[in-house]
Amino acid sequence: MHEYSIVMSLMEQCESLAQQHQAQGIEQVELKIGILSGVEPALLAQAFETFKLETICHNAKLVMNIQPLVLQCRDCDQQSQVDERTIICPICTSNNTLVIDGEDMMLMQLVLDT
Ligand SMILES: [Zn+2]
């Protein structure tokens with residue numbers, strides 16, 4: 001499953017960051033999940049709870065911030081936040097847009113237990 005490999009690389013990232021900061025553990029893992037990232041938050045949470053037991057994240061709480069899509073329109077020059085998966089500018093209905101945010105998943109913050 002896609003989410004399992006994401007969580008595994010996330011855990012590796014957490015472990016190396018914890019090592020760098022000589023932390024005893026990790027209290028909280030905060031993620032940003034773009035709605036176009038293809039990541040299913042419920043599946044990700046489930047994978048996190050399963051995998052964390054074996055890792056430094058075993059006491060960590062997972063916080064997921066869902067990032068809506070942000071479009072920059074090249075025609076009317078407006079930036080809009082949209083909740084659906086679309087590339088149509090909601091202001092002028094142009095499809096000449098650029099996706100600014102909402103496409104990626106990233107680690108925003110780790111709360112370390114030192
Ligand atoms: Zn527009």
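Using the three backbone atoms N, Cα and C, a Cβ is placed for every residue, glycine included.
Keep in mind that TrEMBL annotations are predicted by a computer and have not been checked by a curator.
Sequence-distant neighbours of HIS2 (Ni(2+) binding site): residues of the same chain at least 6 apart with a C-beta under 8 Å from its C-beta are GLY38, VAL39, LEU43. Residues annotated as Ni(2+) binding site in TrEMBL: HIS2.
For CYS92 (Zn(2+) binding site), the same-chain residues 6+ apart in sequence whose C-beta sits under 8 angstroms from its C-beta are CYS73, ASP75, CYS76, GLN78. What TrEMBL records for CYS73, CYS76, CYS89, CYS92 is Zn(2+) binding site.
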Using an 8 Å cut-off from the Cβ centroid of CYS73, CYS76, CYS89, CYS92, can you name the remaining same-chain residues around the Zn(2+) site, in sequence order?
ARG74, ASP75, ASP77, GLN78, SER80, PRO90, ILE91, THR93, SER94, ASN96, THR97
Check the DSSP secondary structure of CYS73 (Zn(2+) binding site), expressed as helix, strand or coil.
strand
